[in-house]
Amino acid sequence: MENASSVKEFILLGLSENQVVQRIYFVMFLFFCMIIMAGNLLIVITVVSSQHLKSPMYFFLSYLSLVDICYSSVTAPKMITDFLIENKTISFVGCIVQLFGVHFFGSTETFILTVMAYDRYTAICKPLHYTTLMTRRACGQMVISSWVGGFVHSMVQTLLTSCLPFCGPNKINHYFCDVHPLLQLACTDTYVVGIVVVANSGMITLSCFFILVMSYIVILLSLKSQTSEGRHKALSTCGSHITVVILFFGPCTFSYIRPSSNLSEDKSVAVFYTIITPMLNPLIYTLRNEEVKSAMRKLWSKEVGCE
């Protein structure tokens, strides 16, 4: 982590400098954070404890919820705390660690969403081969690959950024440490590094998005030959995933596949993929899925019955 930087800490400007607005944001985002933790933890516990949610779809869903918990934990606690204090500083090492965490869990979520699309494609388009293709071992390997892919991507982004010299100013126009705000503070020409980090993020985002789109095009085409009941069941299982993909990929694509020019705009968009999407994921998957709701009711009845 050693470099030529004279800056030992950064100042996060956050979402607003207005004291009244900060108090409102504190209450609002604390509430959002509680929903994120409770909702995603409930899904993880329900999938792990239920005997009826052992299919690959729910296996991946539990890991998606786990990633959402970790992803929000990287940014939300610091942001919420900063709403109440005047000195919104973060150490250089802490900033780089936060940068690593954001890209690690963010890219891991991207890969898991892509794997979930492949699972739906296999289940709908190749039902006779589904149990052969989506074995427990194969699903485990896909999840591990998602974590490894996220780690490699994050290491590239983090190493390229942390090796830059920072001589001042040290004010980051964001509520967490991210690549684009840090590139603007570096006291050297960051054109090449900027191209590399955008290409790195863009390659992952666009390639995963392409796989997702192609998967659902093939799925929709294959549904023409199925019965009305079969189409309804297939679309109901895909609907939740498509909604989550749109909510996550839309803001991420806007933020990371182009050179940033408006940081105030970027940090507002970042709220969607770091807070809003992880908060909505449990609601989207439970409200549209009778199996999950039924498993949660049984888990609740069991817990109440034990008291």
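Each Cβ is built from the backbone N, Cα and C atoms, and glycine gets one as well.
Feature annotations, reproduced from TrEMBL:
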- 24-45: transmembrane segment (TRANSMEM)
- 39-285: domain 'G-protein coupled receptors family 1 profile' (DOMAIN)
- 57-76: transmembrane segment (TRANSMEM)
- 96-118: transmembrane segment (TRANSMEM)
- 138-156: transmembrane segment (TRANSMEM)
- 191-223: transmembrane segment (TRANSMEM)
- 235-257: transmembrane segment (TRANSMEM)
- 269-287: transmembrane segment (TRANSMEM)
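Confidence annotation: the domain 'G-protein coupled receptors family 1 profile' (39-285) carries a mean pLDDT of 88 in the model.
Counted over residue pairs 6 or more apart, the CB atoms of the transmembrane segment (138-156) and the transmembrane segment (57-76) come under 8 Å in at least three pairs, which marks the two as touching. Beyond its flanks by at least six residues, the transmembrane segment (57-76) meets 29, 32-33, 36-37, 39-41, 43-44, 47-48, 98, 101-102, 105-106, 108-109, 112-113, 115-116, 119-120, 123, 136, 139, 142-143, 146, 175-176, 237, 274-275, 277-279, 281-282, 285, 291-292 of its own chain at Cβ-Cβ distances under 8 Å.
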